[in-house]
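The structure appears below as structure tokens.
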Amino acid sequence: MKIKKFTAASMQEAALLIRKELGNEAVILNSKKIKKRKWFGLVNKPAVEVIAVLDQDFLEKKTPQKAAEPKQTLKTPVSSPKIEERTYPPQIPAQQELGDFSAYQSVLPEPLRKAEKLLQETGIKESTKTNTLKKLLRFSVEAGGLTEENVVGKLQEILCDMLPSADKWQEPIHSKYIVLFGSTGAGKTTTLAKLAAISMLEKHKKIAFITTDTYRIAAVEQLKTYAELLQAPLEVCYTKEEFQQAKELFSEYDHVFVDTAGRNFKDPQYIDELKETIPFESSIQSFLVLSATAKYEDMKHIVKRFSSVPVNQYIFTKIDETTSLGSVFNILAESKIGVGFMTNGQNVPEDIQTVSPLGFVRMLCR
């Protein structure tokens, strides 16, 4: 995609310049009248300033349509909201491949500049920002422009399309065994207690706890406290055999919530021990717990480490402790796995919620 600003004495002259440089398939994105200075700034000559765009990738993919509406030609500029008259900085290149935001920001119409600013604040990857802006530009050309009111909605729609489909989100607790795993400090134990409390207090289910976190005494004591508050039994399992015995002990229960050890995600032994202790089967609903405060590269590494373990959904914790959900978006955009829950505080069971793809994107763009 190429975008270029042209200055000419008339629209007819501008159209000729556009055809000459970008070809007949170029589309006018915006136009306005300006005063062109001559003779050392003493004479202001009327002129027009036109922004045109050529989307070669789109043209290659486009298929002919028999009953299609005639496309807007270069003789008729795309209608768009009135943009204030201003001069453009001379350092901005006349023609720019759509890749570097800063290089062409000032030639975008106001609605698209608003979207660009919003994208910059999300923290998502640069390549995603660029592709999203390309799609917005393409839509603006086809739709005859975007307004301040509808540009954010279209932006959110484009971002939603990059995420796993809605049917992979908000999956309710339905299996007998609910297993949470992830790296240390992600908040697994507190999140497990929230899910268990909701299941018991709101769904009136009979619940029990199992923990395989035998590395930290504090973790066992923390879960024991929650179990006592909910008057639910707790079993500590060191081996696969003990886990099987606990399953038999809790055979009459509706849901059994399983806590696991939080270890350094760089340690491959942790994953092996997890699979040795817990037999992942159809009766188990498993969640990979990730902290929203983690860096994208670390989060990506964690997801890769756990790729050998069946993961039904993600749980993202600590969304109240970060100013940007860009890392979360980046992970989801690269994954086929949806989000089961998000947590936003330490209160049990209040600070946990389900979220849809659109709901998450709205959080991202707030």
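The backbone N, Cα and C atoms fix where each Cβ goes, and this holds for glycine too.
What Swiss-Prot records for this protein:
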REGION    64-85  region 'Disordered'
BINDING   182-189, 259-263, 317-320  GTP binding site
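On the structure: features taken from Swiss-Prot.
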| residue | record | Cβ contacts under 8 Å, 6 or more apart |
| --- | --- | --- |
| G182 | GTP binding site | K188, G262, F265, L288, V289, L290, I302, F306 |
| G185 | GTP binding site | G262, S291 |
| T260 | GTP binding site | V179, L180, F181, K188, T211, T212, D213, L274, T277, I278 |
| R263 | GTP binding site | S183, T184, Y215, Y270 |
| I319 | GTP binding site | A292, L325, V328, M342, T343, N344, M363 |
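If you draw a 10 Å sphere around the CB of K188 (GTP binding site), it holds 26 other CB atoms from the protein chains shown.
T260 (GTP binding site) falls outside any helix or strand according to DSSP and counts as coil.
A coil conformation is recorded for G185 (GTP binding site) in the three-state DSSP classification, outside any helix or strand.
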